[in-house]
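Noted in Swiss-Prot for the protein shown:
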| type | residues | note |
| --- | --- | --- |
| SIGNAL | 1-21 | signal peptide |
| SITE | E34 | site 'Involved in actin-binding' |
| CARBOHYD | N39 | N-linked glycosylation site |
| ACT_SITE | E99 | active site |
| DISULFID | C122-C125 | disulfide bond |
| ACT_SITE | H155 | active site |
Amino acid sequence: MRSEMLTALLTLAVLLQVAGSLKIAAFNIRSFGETKMSNATLTSYIVRILQRYDIALIQEVRDSHLTAVGKLLDKLNEKAADTYRFVASEPLGRRTYKERYLFVYRPDQVSVLDSYYYDDGCEPCGTDTFSREPAVVRFSSPSTKVREFAIVPLHSAPEDAVAEIDALYDVYLDVQKKWGLQDVMLMGDFNADYSYVTSSQWSSIRLRTNPAFKWLIPDTADTTATSTNCAYDRIVVAGPLLQDAVVPNSAAPFNFQAAYGLSNQLAQAISDHYPVEVTLA
C-alpha cells in the first residue's frame, strides 16, 4: 500500500513538473516567406519544429503582407483552433531589405501583456544603432517560477554584431525603466562568432562582461545547419526570478537534422540555423 502511494505521489510530482514548464526557442528560418511555405515538405518540418515550443521567436521573416505567417498559423492550428497565436513586428531594416520578428506562442501557457519597439535613434540620419531594432514583448506565465518576463529579439547585422550585441545592454535598461521589469530574456541570431565577434572583442561587450547577464548557449556550441561550427544564435537571461527558473542543462541548439534523420540538402533547405532552446520551470 505504501509502495503504491509513493508511486502515485512520484507520478503526480512528475506531472506537475511537466505542467509547470515552459519551452522557449529562437529560430532563424532562412528567408521565411511564401516560397518556403508553398513547399509542403519544408512546411511540415517547420511546423514540427515549432510545435516543440510554447514560445518561439522566428527571425528572417520576409513576408510583407503576413501571408506566409497566416499559412503557418493555419498549419499550427490545424488539429485544434487557437493552439497558437502570433505577434509580428513591422518589416524592419535600413534599406529596401527588411525582415520581421515573429513570435508564435501557446495562449494556454502564456499571454502577451504588452510590446514596444526600442527607440535606437534616427534611421534616416544614419545614427540608429540596430539594423533591425528589437521589438520587445512582455509575457505573463502563470505556471512558472517567473510570472512575468520580457523577450528582447535580435537578428544582428553581421558586420555590426559587436556594436549591436553591446547595445542590448541599453535595451535591457530601457525595458527596466519602461516596465519596472528585471526578468528579461535576450535572444536570437546575434552572429556572435566567427569573424563577426572575435575572442578579443568580447571584453568590449557589456552584455557579456556584466555579471547580471547569464549566457546560456556557450561559445563552443554549433547553432548552424551547415558545415561551419559557429555559435551565432544565443540566449541570455537577466533577473533573479528568470535565472532561477531556467532548468539546468536545458539550454542548447536543437539539431533537427539529427533528430529527424534529414539529409544535408533538406536540412539546409529548412534553414542554415538550428533553433536554440531553453526550458523554464
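Every residue, even glycine, has its Cβ placed from backbone N, Cα and C.
When the Cα atoms are compared, E34 (site 'Involved in actin-binding') and H155 (active site) turn out to be 20 Å apart. H155 (active site) counts 27 other C-beta atoms within 10 Å of its own C-beta, drawing on all protein chains shown. Each residue contributes its Cα atom, and for H155 (active site) and C122 (disulfide bond) those atoms are 19 Å apart.
Counting only same-chain residues at least 6 apart in sequence, those with a Cβ under 8 Å from the Cβ of E99 (active site) are Q59, E60, V61, R62, P91, L92, G93, R132, H155.
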